[in-house]
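Peer 1: Below is one structure. I have some questions about it.
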Amino acid sequence: MYEYFEGTITVVNPAYVVIEVAGIGYRILTPTPYAYKDGDKARIYVEQVVRENGMTLYGFKSQQDKVLFNKLNEVSGIGPKSALAIMAAEDNGALASAIESGEVSYLTRFPGIGKKTASQIVLDLRGKMGNYVAENLFTEDEPVKSVFPALEDALLALGALGYSQKEVDRIKPKLKKLPEMSADEYIKQGLGFLLKK
């Protein structure tokens, strides 16, 4: 079982990054791929999920994010991909607060989360998020420098998170009107537009 990988980022993709450690490249699915830059030295905390069709590595900027991922993944009706999509769509401190306060309607705004699953999240995790909320363990990632194809990368990432092409196309004009920003910031803005509906 792996705890974390420390090495050089060699690929940044809308859904994953590749980190090279001792000459081996590990593909890691992460909720915030654009928080990393090609060539950066990084430490990624990982969770290894083994299924019949193979092994997948999920990676996070902090140990606390990894713990939250595992808690979400343990909820009935939530798999690792759904847990990752939820974490990509929201600041983790705000997510923990929503779970603690039982905001079911808030949780149903995430892709693939209906009322039943949102209620299950609250039922299973309420009372277990207090430390995250009280101690404010979750911190904002450092801003990423803007790159030319940032908007297109962000739109691809939104598609990878489960949003349809129609939904992505609907918010594209709104994102184009915004000042130029990093792909990660475009993703956050885009998710804000998508969740408002």
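Just so it is clear, glycine is given a Cβ too, placed from its N, Cα and C backbone atoms.
Sharing the record's features from Swiss-Prot:
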{"type": "REGION", "residues": "1-61", "note": "region 'Domain I'"}
{"type": "REGION", "residues": "62-140", "note": "region 'Domain II'"}
{"type": "REGION", "residues": "141-150", "note": "region 'Flexible linker'"}
{"type": "REGION", "residues": "150-197", "note": "region 'Domain III'"}
Peer 1: Grab the pLDDT values for the region 'Domain III' (150-197) and give me their mean, rounded.
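Peer 2: Over the region 'Domain III' (150-197), the predicted model scores a mean pLDDT of 83.
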Peer 1: Please spell out the DSSP helix, strand and coil residue counts for the region 'Domain II' (62-140).
Peer 2: 51 helix, 0 strand, 28 coil
Peer 1: Helix, strand, coil: count each for the residues of the region 'Domain I' (1-61), based on DSSP.
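Peer 2: Split by secondary structure, the region 'Domain I' (1-61) comes out as 3 helix, 39 strand, 19 coil.
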